[in-house]
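Trainee: From TrEMBL, here are the annotated features:
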- 138-210: domain 'PAS' (DOMAIN)
- 214-267: domain 'PAC' (DOMAIN)
- 291-345: domain 'PAS' (DOMAIN)
- 348-399: domain 'PAC' (DOMAIN)
- 432-563: domain 'GGDEF' (DOMAIN)
Amino acid sequence: MQSVSTGYAMESMGERHHAGLLRLALGHLALDAAVLMRDDGGAWRLCACLGLGAEDRAWLERPGGLPDDGAAALAARWAFRHLCPLRSADGLPLGQLWLLGERPRELDAPQAEALAEYAGLAAALLELECGAERTRITERRLALAVEGSGTGIWDRHVPSGVIHYSSGWKALLGYAEDEIGERIEESYARVHPDDLAYVRATMEAHFAGQTAAYEVEHRIRRKDGSYMWVCSRGKVVERDEQGRALRMLGTTTDITAQRVLAEKLRQNLELLTDLTNEIPGMVFQYRRLPDGSARFPYVSAGSREIYGMAPEELADGPTERIRAIIHDEDMPRYLAALEASARTLVPWELEYRVQLPEQGVRWRQGHAHPRRQADGSVLWHGFITDITERKRIEAELQVLATTDFLTQLPNRRCFMHQLQAELGRVQRGGERSAAVLMCDLDHFKAINDRWGHAVGDLALRHFADVLAGLVRRSDCVGRMGGEEFAVLLSDASRDNAVAFAQRLQEHLAQTPLLHAGERIPLTLSIGVADMLAGDATAEAVLSRSDLALYRAKQAGRNRIEYL
């Protein structure tokens, strides 16, 4: 009898799941040894093994796996041996499952069916592991892209005042890797004196939980002593039990060439948990019989998280309880996807919502491989995960990608998209007309110089509110950068556009900015241009309105010019 390697010393959660699957298979089939190997692009890697001696295990743990002659020698020592190739849903090789016995035997039909099911679960485990590795590669590429985009990354430990900078951050200011300290006091010393109070106040407000994120535009001193404009964004990612900030992550972006608010930093958040170390969600077997009835032969403990029910409530029980919690709007898609998978034996893949008594509406993602059984039933092996957080992040990122952080108006990218779409409608519509207005707050620098950047930001938000309150639902406004805003008036003639510009100036004059009991009057220069069917691009329309704006400012400001 060979010595047994139990696999209990394995460190990762993924390896324990592998070993657990092998133990189930050996116990169910009354065999003596099992091996799970993964195919890493032609090089074999041992995932788990049970029942092998130390010498055989050493062969399997060699880099690249067991050579062909070694595999033949290993197999020859067992009277019963069965190799199950494991493949992904699209037919790519994933690995192999070996089952070995000391006595010759033949598997009966139920045992052969069970063996196929264990192979299906093993393939699902390996496919999850491959997916997690692809996610890590994607994240690494994203990190490299950020490093090469002119954006530096910083990681601040708030209590100690230590702040770590990426190599890209240091290069942004002209420093070599070892030429910059890690104390927050040194970081503040590089901020322009006129901006320091504003930067500190904004940071402290975020520490206190008064803002969802930290974002400021300020000047910072380079190594050569000159100053550059940057946009610094960040967020507290860890707090103690009292809510005090512990750790903050952020970025610094050079905006000297064009001082505009860029898209808010898309934080590199993991959308998928590490499925290798810890399989999330619910692993299951689902069987649908020829008469249409269905059961869950196996359900993992994750059913409590996914469906709010214990495994024993679902295993071998009716499936009506699951359908009762599927969101009404998603039920048709849920049933259609299941029917298509049963009919064509394509994998069942679906994102859908469930309504749980304690959790409310949650998003779920299901993935399962079907297999036709001898009795005509269909058996799925799969898993369901919670993707609620991912859906929330996707929705937030969509907003961040199209919204100006300060004014909550559409940003330049979003506005230009709407402008291009309107140009297409004008070009197709024949008689359809539209107008574009470029607006610039007069003497905005003087406001910043006199009252500070915080009041300057208030002025921008105040004007954004005034502007948004005057446009129609069919119109579009956007912040183009700094104190410049653009308006797209759909189905508007020249007279309509000029009249709107006049109303905008009048309304702004009648609603001055109030700060600390003081009225701060705001005036506006506006350039107006018609959108023409002959315009090649949206930029052409915008350029004409921008030229009209320039003429308005050259003529003394607080004017409307038409081009």
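Along the chain as shown, the residues are counted starting at 1.
In case you wondered, yes, glycine gets a Cβ from its N, Cα and C as well.
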Trainee: From the DSSP assignment alone, can you count helix, strand and coil residues within the domain 'GGDEF' (432-563)?
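Mentor: The breakdown for the domain 'GGDEF' (432-563) reads 60 helix, 38 strand, 34 coil.
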Trainee: Within the domain 'PAC' (348-399), count helix residues (DSSP H, G, I), strand residues (E, B) and coil residues, in that order.
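Mentor: Across the domain 'PAC' (348-399), the residues distribute as 12 helix, 31 strand, 9 coil.
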Trainee: For the domain 'GGDEF' (432-563), what's the model's average pLDDT?
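Mentor: Mean pLDDT, the domain 'GGDEF' (432-563): 91.
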